[in-house]
Amino acid sequence: MKKFGLIGEKLGHSYSPLIHSKFGDYEYELCEAKEEELEALLKKEEYGGFNITIPYKKTVLKLCDEISDTARAIGSVNTIIRSEDGKLKGYNTDYDGFIYLLKAAKIDVKGMKCMVLGSGGASLTVQTVLADMGASEIVIISRKGENNYENINRHFDSEIIVNTTPVGMYPGNGRTPVNLDDFKNCRGVVDLIYNPNKTKLVLDAMAKSLPATGGLAMLVAQAKESSEFFQNKKIEDEEIENAIDEVRSETLNAILIGMPGAGKTLLGKEIADRMGREFVDIDDMIVEHEGMSIPEIFEKKGESYFRKVETEMLEQACVKTGLVIATGGGIVKKKLNYNIIKQNGVVIWIKRDLDKLETDGRPLSQSMPLDQMYEERKDAYSYWSDFFINNNEERE
Ligand SMILES: Nc1ncnc2c1ncn2[C@@H]1O[C@H](COP(=O)(O)OP(=O)(O)OP(=O)(O)O)[C@@H](O)[C@H]1O
Ligand SMILES: O=C(O)C1=C[C@@H](O)[C@@H](O)[C@H](O)C1
Ligand SMILES: [Mg+2]
């Protein structure tokens, strides 16, 4: 079997090799390339075909020998196949991928005023789908276009917002292209970014109880169709959901929260061992970073300094994927930590009866009654977590 590749400018964020490994038994490589290298790369015969991503989906049109009707109509190619006679044929599988995403997220664009952020190849595909699905108006916001971020207030009445820019994408996590507070009529948010799993834009929409989705389902659905071209065989649609589930379970961090001494570190290590994952303890990161024990940091620098370093360490750990992360008990004291944890995390609340909690080496647990601390924090532990584990059985 020939090998295949993903061509783009920067590819450190891509899950495509992982996803393609679910659809077939072929090699799939990341090929970072500069624009002037594209032509030579496409000619390399060891590759049976390619996916194309930011910023080359428009550029490669002129390098293909043939282009499918859909890709030509949209003006964007994300899949290229080398035929037996060496000719390169360009397709667009993002079109079906975006339709799949809208349906999966139950976001109906019919009759809606839609704002598309960004004007690259992915934006062209999104615009075509929105028009085909009956959007009443489609506004494109780009840095230099007629509608831009300076005069975006003209379109604060948009009902659906679709982000096709890389703003907020790994490693630039935590950024958002627009402030959702400005869009009072907003009825749905779609971010094509899939790493992180939930961008700031998506988390902001969820905080307002708006329907919102990241781009993983689109990525997987377009990859399935590309893989059908690569292998010249049909793959059933059920495979898309299976692959999404597998990618989520392999990439999301398992993040443990709960009272000091509840067993986050103990259980975190055990979970990581059993899953064959790397374990990270935020408290250990802080101690290493500061070169002091936690009681010493509290004593010499105070709690607010400790919290500042804790947030920095949390940010470093949570932009990564596939980890088991034990936090300190006070992580929920700072609202800012919520988005950091949620972007790539499944959050597990470790519960243990208060009279069983270890307080040694834990300055806050020694400075106030544990039932008072629990009262102050229990609603946050509950709201921040996706599920809980009872850790009352003796383990040692
Ligand atoms: N189920 C259990 N059985 C016996 N001992 C336990 C159990 N759970 C936790 N412990 C013990 O309680 C102590 C505290 O556990 P651990 O350090 O894992 O808590 P933590 O939640 O990480 O605390 P912190 O918030 O301070 O980091 C440890 O000595 C641990 O071995
Ligand atoms: O990030 C990625 O791996 C990709 C993103 C989209 O552009 C897709 O169209 C492309 O096939 C792969
Ligand atoms: Mg711990």
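Glycine is no exception: its Cβ is also placed from the backbone N, Cα and C atoms.
As the structure is a computational prediction, the values presented were derived from the model and not from experiment.
Here is what TrEMBL records for this protein:
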- 6-80: domain 'Shikimate dehydrogenase substrate binding N-terminal' (DOMAIN)
- GLY261, ALA262, GLY263, LYS264, THR265, LEU266, ARG362: ATP binding site (BINDING)
- THR265: Mg(2+) binding site (BINDING)
- ASP283, ARG307, GLY329, ARG377: substrate binding site (BINDING)
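Using LYS264 (ATP binding site) as the reference Cα, a 10 A cut-off selects GLY329 from the binding-site residues ASP283, ARG307, GLY329, ARG377. Taking DSSP states H, G and I as helix and E and B as strand, the domain 'Shikimate dehydrogenase substrate binding N-terminal' (6-80) has 28 helix, 18 strand, 29 coil. Other residues of the same chain near the ATP site, with their Cβ within 8 Å of the Cβ centroid of GLY261, ALA262, GLY263, LYS264, THR265, LEU266, ARG362, are GLY258, MET259, PRO260, LEU267, ALA326, GLY329, ILE350, ARG352, LEU357, GLU358.
Taking Cα separation as the measure, GLY263 (ATP binding site) is nearest to GLY329 of the binding-site residues ASP283, ARG307, GLY329, ARG377.
For ASP283 (substrate binding site), the same-chain residues lying six or more positions away in sequence with a CB closer than 8 A to its CB are THR265, ILE294, ALA326, GLY328. When secondary structure is read from DSSP and collapsed to three states, GLY261 (ATP binding site) falls in the coil class. Around the Cβ of THR265 (ATP binding site), 19 further Cβ atoms fall within 10 Å across all displayed protein chains. Following the DSSP three-state reduction, the secondary structure of ARG307 (substrate binding site) is helix. Each of the binding-site residues LYS264, ARG307, ARG362, ARG377 was scored by other CB atoms within 10 A of its CB, and the lowest score goes to ARG307.
A gap of 20 Å separates the Cα atoms of ALA262 (ATP binding site) and ARG307 (substrate binding site). Mean model confidence of the domain 'Shikimate dehydrogenase substrate binding N-terminal' (6-80) amounts to 96 (pLDDT, 0 to 100 scale).
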